[in-house]
Amino acid sequence: MSTSTPTPERTRAASADLPDFCSLPVLFALLVVGALTVSLMWLAPGNDSALRGYCVAMLFVVWLAMLLTVALCKLRPWMQRLSGLWPYAAVWLLLVSTVLVSSTVVAWLDHAIGTGLTPPSLSGFVRDCGMATGLLGAGLLRYFYVVAQWQARLAAAAHAQVAALQARIRPHFLFNSMNTVAALVRVDPDAAERTVLNLAELFRAALGSDTSAVGTLGEELLLVDRYLEIESLRLGDRLHVERDVDVPAGLPLPCMLLQPLVENAIRYGIQPLREGGTIRLTGRRVDGGIELVVDNPLPESPAAGGTGHGLRSVRERVAYHFGARSRVDVVSGNGRFVVTIHLPETTSHARPDRR
């Protein structure tokens, strides 16, 4: 159940991963698209250019493909630092600008030498090259983007499954709970029985769910209540909980999403503090979506031992189920550690089989 140790920095919006432009498949794709375009234009009705013109155009396209591949390979690290979809926009602008400059230079040299390899109209030749590159480049980049997103989803699902399996091994929590039950058996049998039942429900939910399962906010809060009841027996007055959830209980959520965050809050926020502290659970509607917040105290010297797998798993599962419009923000400061889950307004349409 354990999640990551709080980190002091705010998470940055991830950029869309660009393909590896240094790889042969990308060069091959550019060559194929360019060759097909030249062939279709040469075979189009009304085109009266000879085979010589076709060969020259093919050589021009091959040269451009190699030039663009080298440029993209060298500039990819810089472009990847841009946020959102700007890396793809930068690639598209580089494609179009390179083709426009190259076609202008080639047409000017051809007219200056008088070889007659390009159309008489320099502006028309440059315009046609730019339009073809813009349209084909947008389509090709869209293909690369879809493939990258598909691969990222597969990787996120696989990583989340591994993280879920790792999260199901909870020796410290089981050890503490068994000690609590043992201490209560003689002095308060009813409390011991409730603790065993709560523990059974927690493990049933954890062992019976997978990363693709979707429950509801009400079910998640019930699991959180069971967990907090167990921990309150151990921590006593050191643990305080404030809840202000103004969100429908039927809100779809991935199973076991909030409980690990609450456990993280106790293990790394409440437990290290001698005086304890307060965990705040908040749910509210905001413009364009819903926010779920887990807010806990942050010790001056955070407890060691976290690996970051739990919080990373929460991020990946939220993105996996609700898409790019959702996100998980982590903010640390002023003695508090706050995890905010932003869900889109369309969260009600989340499905277990969402891809």
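All positions are counted from 1 along the displayed chain.
Just so it is clear, glycine is given a Cβ too, placed from its N, Cα and C backbone atoms.
Taken verbatim from TrEMBL:
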DOMAIN    160-239  domain 'Signal transduction histidine kinase internal region'
TRANSMEM  21-44  transmembrane segment
TRANSMEM  50-73  transmembrane segment
TRANSMEM  85-109  transmembrane segment
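Non-local neighbours of the transmembrane segment (21-44) in the same chain are 53-54, 57-58, 61-62, 64-66, 68-69, 72-73, 76, 132, 136, 140; each lies 6+ residues outside the stretch with a CB under 8 Å from one of its CB atoms.
Outside the transmembrane segment (50-73), and at least 6 residues removed from its termini, the chain residues within Cβ reach (under 8 Å) are 21-22, 26-27, 30-31, 34-35, 37-39, 41-42, 91, 94-95, 98-99, 102, 106, 117.
Averaged over the domain 'Signal transduction histidine kinase internal region' (160-239), the predicted model has a pLDDT of 77.
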